[in-house]
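Undergrad: According to Swiss-Prot, the protein carries these features:
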- Cys79: active site, nucleophile (ACT_SITE)
- His180: active site (ACT_SITE)
- Glu182: active site (ACT_SITE)
- 1-205: domain 'Glutamine amidotransferase type-1' (DOMAIN)
Amino acid sequence: MIAIIDYGMGNIRSVEQALKYIGAAYIVTSDKEEIFRSDGVILPGVGAFPKAMDILEEKDLVRVLQEIGCSRKPLLGICLGMQLLFEKSEELQDCNGLSLLPGVIRKLKVPYKIPHMGWNELKKEGEIALWNGVEDSSFVYYVHSYYADCPNEIVYGISDYGVKVPGFVAKGNIYGAQFHPEKSGDIGMQMLKNFKGVVETWKSSQLSI
């Protein structure tokens, strides 16, 4: 069972429909016990970083997500949800994030239209489980005005928008997509299927303990 975190700022409906399409068992929840009982977690998000962190704090979900991140349970952040995984953001004000990944969220300063909205090429950097069946230089769908300034060793996918945008990051059980896999057609569905596979593998490992 995959828990989609509902904290009032997520693209819940599209993520829910995508998981339904790939046949993944899921629950939309903000209940701490349901999140801990899940086999994997998706943190979606659309909106401002400081507001999102305030809401997560109010719902006591910061601690929950940090505990999930520090375990081996698979965690996938999408768009703003990916940004929240980092140490802090410069959006509106300096604001601390979940600190599950090293790096700072900075505003895009490019000679192009902001937000970066639409399809862009994603170049793979290295290999991870979520790349299975995903061709290099596939096109994915973005909507964002901020990007992650982070170490190269956690970057597994890059798009060019006047600056190198980390499109996909990963460290251990933690994954983050700056783009929207649920809106990225067959490529996005394949990545979500791969995440489902990672979740199932983790679940099987727990049953054997």
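Every residue number used here counts from 1 along the chain in the order it is shown.
Glycine is no exception: its Cβ is also placed from the backbone N, Cα and C atoms.
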Undergrad: Using C-alpha atoms only, work out the spacing between the residue listed as 'active site, nucleophile' and His180 (active site) and round it to an integer in Å.
TA: 6
Undergrad: Helix, strand or coil by DSSP: which one applies to Glu182 (active site)?
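TA: In the DSSP reduction, Glu182 (active site) maps to helix.
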Undergrad: What are the non-local neighbours of Glu182 (active site), defined as same-chain residues 6+ apart in sequence with CB under 8 A from its CB?
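TA: The list for Glu182 (active site) reads Asn11, Ser14, Val15, Gln17, Ala18, Ile78, Gly188, Leu192, given in order along the sequence.
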Undergrad: Please report the DSSP secondary structure of Cys79 (active site, nucleophile), reduced to three states.
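TA: Looking at the DSSP assignment, Cys79 (active site, nucleophile) belongs to neither helix nor strand, so coil.
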Undergrad: Under 8 Å between C-beta atoms and at least six apart in sequence, can you list the same-chain neighbours of His180 (active site), or say none if there are none?
TA: Asn11, Ser14, Ile78, Cys79, Val140, Tyr141, Tyr142, Val143, Gly188
